[in-house]
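Okay, structure first, notes after.
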Amino acid sequence: MSHSEQKIGESVTTHTAQGLYIDPQALTAHLPALDYRDGALHMEQVNIDEVVNHYGTPCYVYSKQAILDVYHAYSKSFASVEHQICYAVKANSNLAVLGVLAQAGAGFDIVSRGELMRVLAAGGRADRVVFSGVGKTYGDIEYALTQGIGCFNIESISELALINEVAKTLDKTAPISLRVNPDVDAKTHPYISTGLKDNKFGVAHQEALALYQQAATLSHIEIVGIDCHIGSQLTEVAPFVAALDKVIELIQGLRDNGIELRHIDLGGGLGVRYIDEMPVSIEDFAQALLPKLSELGLTVFFEPGRSIVANAGVLLTRVDVLKPTAHKNFAIVDAAMNDLIRPALYQAEMAVIPTVLPSAGIETADTQTWDIVGAICETGDFLAKDRLLSLQTGDTLAITGAGAYGFTMSSNYNSRPRASEVMVAGERHQLIRPRETVEALYADEQLWQDAP
Ligand SMILES: *Cc1c(COP(=O)(O)O)cnc(C)c1O
């Protein structure tokens, strides 16, 4: 096999004319929850094979320790300022995940009434919840106020008016923060970039002061903070610093106008290493922001989602069919785009590694180039392309980095029941959501009744 090795920094990949080889052992060296022991993939102390035998595939598996480690990295790194880490529920909303974080003292960032119900069901505190999202309904607001929500992050004047109206009806005061759009380029995928002026999110910098002044006149509104969220999977700290500078400018303007805040919320968006990405560490992220934040004297909120759960999770899938063709080899697996849509939706590259190491690495005779695809009737149904792997039908593969925006974005397209979810802690594994049954998918549907 001819290959030009391309090693950048601590790259775990080799690019060849045939495709991409990801060294499974080098990759897992960067993923704290995973390692190979005697050639068998383990999460914490649990052999992944055992998980497959118990729960079948496709199956999402999450490490409790990996989730907590990142959460604690945030809280330790920002220990010198008053802070609240509000985990972004949309990244992974399983009750077990929320419960582990609630127990650790986390707050939550939600975007719907349903997410708030999940947080409360998992033992989270409503007063540590911030309610984000560009389109809150009357019902959402009513429910959140009744539960004692910590803060609404508002994005428009009409939303402000609606919240005031609902609060008045309930005879409550609604704590609010304004989501400002700092107009900085997060330099990430356009679908997950949210801080540019032509995005639908936030209120333009120039309009923020007027909106705060408007809010200050409303009887049932209490101004508590300011908020921004510029995108997701950001690997550099510079856009965060640029956004912070813009927000600080606004805070000064508000102070000059007699409006005092209690907190500043810098959103989420810190990136993770999926394969060879080199995101800034949480510690360095904190070091870059802390001098400015300490000076402000406000409580600092963050809304991390992906960085807390992505690398705590894998999606396990079985190779069902090997289909070599004249131009391409397809490995058809039992997971598909309905289980994990990131590759199809964002062109995301995720690592696919064997759960049992082949006896040799890239040079083994039966290594071939495979597209790892699902069985759904869409050409866009792929999980990975042009990967050098040695595959047999019946093998189990692990797709790493699948803890965030994996299960939560899954669907029942093609009447496929959604995957089971399992949590691992130490030597224990526990089913945290059973695989759906096909019958359950249509249990509430009704045949059309012709008039008698
Ligand atoms: C999605 C989202 C987050 C979390 O983003 P991550 O990239 O997962 O950290 C935080 N805040 C808001 C408002 C969001 O929409």
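Cβ atoms here come from the backbone N, Cα and C positions, even for glycine.
Heads up, TrEMBL stuff is auto-annotated, nobody curated it.
What TrEMBL records for the pyridoxal 5'-phosphate site is GLY269, GLU303, PRO304, GLY305, ARG306, and among TYR212, TYR346, TYR405 the residue it adds there is TYR405. Taking Cα separation as the measure, LYS90 (N6-(pyridoxal phosphate)lysine) is nearest to GLY305 of the binding-site residues GLY269, GLU303, GLY305. Here the binding-site residues are TYR346, TYR405, and the one whose Cβ sees the fewest other Cβ atoms within 10 Å is TYR346. Across the structure, ARG306 (pyridoxal 5'-phosphate binding site) and ARG342 (substrate binding site) place their CA atoms 13 angstrom apart. Mapped onto three states, the DSSP output places PRO304 (pyridoxal 5'-phosphate binding site) in coil. With a cut-off of 6 Å between Cβ and the nearest atom of ligand 1, the recorded positions PRO304, CYS377, GLU378, TYR405 reduce to PRO304.
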